[in-house]
Amino acid sequence: MAPADLPSSDTEEKTTILSRIRFRPTRRQWRILAVIALIASVFGTGVAWAVSSPIGASPDDDYHLGSIWCTPPLSKSGCATGYTDKNTYGPIVPETIASNHVACYAFHGQDSAACVNKLSDERSVVTDRWDDGNYPWGYYQFHHHFISHNTHRAALVMRVINLSIALILLGSIGALMPPFLRRGYVLAMLAAWTPMGIYFIASNNPSSWAFSGVLAFAAGLWSATHTDGWRRWALMGTAAVGALLACTSRADSAFFLFVVSMALVFAVRWRRNRWPEGVLAAVSSVVGILVMNSTSMASNNLTSTNAAKMSFIQALAANLHSLPQFFSGFYGYRWGPGWMDVSYDGSVSTVGLLVSGAVIIASARCWSWRKAMTALMVVGAMAGVPTALGILQRFNNVIDYQPRYMMPLLAVFFFFMLTMDRRDRTLTRPQASTLGVLLGGMHFYALFVLLLRYTHGSAATNTLNLSKTAAWWWKNAPIGPNMVCLIGSVSFIAALALSLLLTREEPLGRGSAAAEA
């Protein structure tokens, strides 16, 4: 090689090295990639849950789907009406969503959902389950825009839309809130919503909007009080969207806006410059109460019973005695997915309670009178409403009160507990790793049990291959239940790891402590 060629060769080598260095992703670029991966993994988890149960699988889905197809008031819905074989009045809908057909597998958890295969969109029948003023305006009217002749496809589209609403709204709040609140925000959702919250958010049930809306209202307002500038107003906007979802889905979730506002009265150190947050909380509370009073749903939350009335002391003792079981229901104990015919008793509910207990203990390192009163407002509503109803009516209401009605407040409780009066890391790395293992294992088993119930029936306890001899599955689906279980489980683990990685925190310094105050 000629000496004259050496400088040119050295220059080319240096240029190559510099180009490699120049295009190496920066820390910010890695973070953006991690956020994109997190969004994809959360979406993958939700879609896996959305397709893991047939049409009509969540509680009262025959009622909700009938109300979506024929929106209230029935006289203006455009649906033809008639009478069932039992001489009950109602709208005419596709057979696949009619009350006496869609849930042919309901309450028969030992069997699969194979009976759905016999139903046809080509046949129309009268359903006697439809909304006549029990639910507020909004949810049914919105989803009515997505109905189609193919009811199964339409139901899946609606589930994915509900999932997307939650992902966009709650993800936006996470991106806008101060960094020192994010770890508590993520842990609150993981601990409160695995697995039952994920199931309801990715369902056709109005509870999907209740879960998303109530937490968005609480997290958006609480974060706004720790922020200034455009982020503050953006967070208030997300809180307003959350309030809209809560008020247009369920009467009880509309009332929860008042509960959250009362909690914020104690949580926030109110100053003159925080009057916009106060106005939003007050207006939302008033609207929520008006929405609740405008429906007949509140009175329907009382459990009907033929038992003899108890004395005041007996009713008090019986309802308080049932509270531990009631809280266990947040994780599927006695009140699992489906029409309460998918059993999460034992492994899932026990691990769920273990995770929630760990989160409560971790959040209880620091206390103040503000934190205590905030927790009292939220827990008082979760436990107090069903207890008070039972005491007033002199029977054990708590034992049969569906926990999902109060469950939207659980994530709010965890969020306040984890983000108020924080003086150190929320969790150490070993603690976070332990919770991750528990949550990942619980999620996999919960998803597997749900798929097993509908594809084979819960009686098929020796079945590990969900795709083999599956009695029910979506027609023309590109993948089977085995792959859905795998994708859902891997996506959840990825979402769990990425969310904890992206919210890594250092001990609070003076600046953060001052910001929190």
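Just so you know, glycine gets a Cβ as well, placed from its N, Cα and C.
Features reported for this protein in TrEMBL:
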type	residues	note
TRANSMEM	30-51	transmembrane segment
TRANSMEM	156-177	transmembrane segment
TRANSMEM	184-202	transmembrane segment
TRANSMEM	237-267	transmembrane segment
TRANSMEM	279-298	transmembrane segment
TRANSMEM	310-327	transmembrane segment
TRANSMEM	347-367	transmembrane segment
TRANSMEM	374-392	transmembrane segment
TRANSMEM	404-420	transmembrane segment
TRANSMEM	432-454	transmembrane segment
TRANSMEM	479-502	transmembrane segment
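Long-range contacts of the transmembrane segment (237-267) within the same chain, counting only residues at least 6 positions beyond its ends with a Cβ under 8 Å from a Cβ of the stretch, are 134-139, 142, 165, 169, 172-173, 176, 206-210, 212-222, 224-225, 277, 280-282, 284-285, 287-289, 291-292, 295, 297-298, 301, 370-371, 373-374, 377-378, 381, 405-406, 408-409, 412, 416, 420. Here the transmembrane segment (432-454) sits apart from the transmembrane segment (156-177); fewer than 3 CB pairs are under 8 Å, leaving out pairs fewer than 6 apart in sequence. Counting residues 6+ beyond its ends, the transmembrane segment (279-298) has Cβ neighbours under 8 Å at 133-136, 217, 221, 236, 239-240, 243, 246-247, 250-252, 254-258, 260-262, 264 in the same chain. Contact counts against the transmembrane segment (479-502), taken as Cβ pairs under 8 Å, peak for 30-51 among the stretches 30-51, 156-177, 310-327, 374-392. Most Cβ pairs under 8 A with the transmembrane segment (347-367) among the ranges 30-51, 156-177, 310-327, 404-420 are made by 404-420.
Residues 45-47, 49-50, 58, 159-160, 162-163, 166, 170, 173-174, 177, 208, 211-212, 215, 219, 330-332, 337, 344, 348, 352, 355-356, 359, 363, 404, 407, 410-415, 418-419, 422, 426-427, 435, 439, 442-443, 446-447, 450, 496, 499-500, 503 of the same chain, all 6+ positions outside the transmembrane segment (184-202), place their C-beta atoms under 8 angstroms from a C-beta of that stretch. Distant neighbours of the transmembrane segment (374-392): 256, 259-260, 262-264, 266-267, 301-302, 312, 315-316, 318-320, 323, 326-327, 398, 401, 405-406, 409-410, 412-413, 416-417, 420; these residues of the same chain sit at least 6 beyond its ends, with a Cβ under 8 Å from one of its Cβ atoms.
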